[in-house]
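Trainee: Provided herewith is a single structure, encoded as structure tokens, for subsequent inquiry.
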Amino acid sequence: MRRAILAGTSRRKLQASVPKMPFGLRIASYIVPLLKPQDSRILTKIQGEVDVSKMADTGKQMLAALCLVVSCLCVAEAQLTPNYYQKTCPTAESVIKQQVTNAYNADKTIPAGLIRMFFHDCFVRGCDASVLIDGLDTEKQGVPNINSLRGFEVLDAAKAAVEKVCPGVVSCADVIAYAARDAMELAGNLKVNNWVGGRRDGSVSVSAETLTNLPSPFANFTTLLKTFQSKGLNQNDLVILSGAHSIGHAKCGIIFSRIWSFGGVPGQADPAIDPSYLPTLRNACPQNSPGLTINMDQRTPEVLDVNYFRDVNNGRGLFISDNALRTSPIANALVKIYQVPQVFSPSFVNSMRRMGNIGVLTGSQGKIKTNCRVA
């Protein structure tokens, strides 16, 4: 009996010493790792068991955000299918993965470039590899892309390798998609199952379309959301895909006005920036040095993890668009939810799947190119 009492006392002391996780985060960290795409019924369960009328505003926002997370785990795959090349080119995915892995072993920053390439391809004319086309007026030359996108040589190597084993079978669009999948696995130390293929290649690529279709790092939340909604994505996709900013780097010129002359006032910084973080940004990006680069995430710049959301939550997001996530109640709640690794990983993968369905060419549409750089 004495042992039982002491054991119970020890457990109570241990429980008292561990900080309680907020209600919404506790729910999210428990349910999301258990969910499968068909488990949208859990959404109804959450909504039915919680009396929203008795919750504080922050609680309502957290519940709404959780419901959005769960509902977005149900992904429509357009006409794309897993193991698409199983019969026509069974080694395609492994061949591409080997090229991505080789590049990663030589340069740990490559995953950031490949994930961003997939994003920039899909948001302009859909996921059709139009971002890879060479030319004086192609997407490569668009302001958001020129001297910015990275990983072209990795995709060239992957395409060349797969052409050797299966000539004229695997599209450039799928090479980008599979490479982005491999990049997620390498940088995020996670496993992505049932990644789909079946995309075909487009032949039109226009530089001006990058400015009208890609979200700007200077955009406010309303503008960002409109851009994502125009692609069939939603607020949850906007927030979780922003998590890609946990890897890679940016040109100092993009944040120069934010840290040195906010609102056009010399020496003024954006008041939304954590004041204790400002010296770090200014040391990395001194005045009159717009060509220098800065890591998007100062702690783990080569790891796809939750530090991005922790930084945004604490006023340490790099771009104006990162901080914009804090200006919407639901988005701000999502930022808090995605600080839980077990929630972040499956949600990021699922939103990448959703993005990979944007404007795809399938069936007899488009073509299968042997050279991704030509129209």
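The chain as shown is numbered from 1 upward.
Heads up, the Cβ atoms here are built off N, Cα and C, so glycines get one too.
Okay, so TrEMBL annotates it like this:
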ACT_SITE  His120  active site, proton acceptor
BINDING   Asp121, Val124, Gly126, Asp128, Ser130, Glu139  Ca(2+) 1 binding site
DOMAIN    79-375  domain 'Plant heme peroxidase family profile'
SITE      Arg116  site 'Transition state stabilizer'
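Can you tell me where each of these features sits in this structure?
Mentor: Residue density at Arg116 (site 'Transition state stabilizer'): 22 other Cβ atoms are found within 10 A of its Cβ, drawing on all protein chains shown.
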Trainee: Any same-chain residues 6+ apart from Val124 (Ca(2+) 1 binding site) with CB under 8 Å of its CB? Would you list them in sequence order, or say none?
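Mentor: For Val124 (Ca(2+) 1 binding site), the qualifying residues are Ser130, Val131, Glu139, Gly142, Glu209, Thr210, Asn213, Leu214.
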Trainee: In the same chain, which residues outside the set Asp121, Val124, Gly126, Asp128, Ser130, Glu139 have their CB within 8 A of the centroid of the CB atoms that define the Ca(2+) 1 site?
Mentor: His120, Cys122, Phe123, Arg125, Cys127, Ala129, Val131, Gly202, Ser205, Gly359
Trainee: For His120 (active site, proton acceptor), what residues in its own chain, 6 or more apart in sequence, show a Cβ-Cβ distance under 8 Å?
Mentor: Val131, Glu139, Pro144, Asn145, Leu149, Thr210, Leu214
Trainee: Between the binding-site residues Asp121, Gly126, Asp128, Ser130, Glu139, where is the Cβ count within 10 Å the lowest?
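Mentor: With the binding-site residues Asp121, Gly126, Asp128, Ser130, Glu139, fewest surrounding Cβ atoms within 10 Å: Gly126.
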Trainee: Roughly how many angstrom lie between the C-alpha atoms of Gly126 (Ca(2+) 1 binding site) and Arg116 (site 'Transition state stabilizer')?
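Mentor: Cα of Gly126 (Ca(2+) 1 binding site) to Cα of Arg116 (site 'Transition state stabilizer') measures 14 Å after rounding.
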Trainee: Between Arg116 (site 'Transition state stabilizer') and Asp128 (Ca(2+) 1 binding site), how many Å separate their Cα atoms?
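Mentor: Answer for this pair: 15 Å between alpha carbons.
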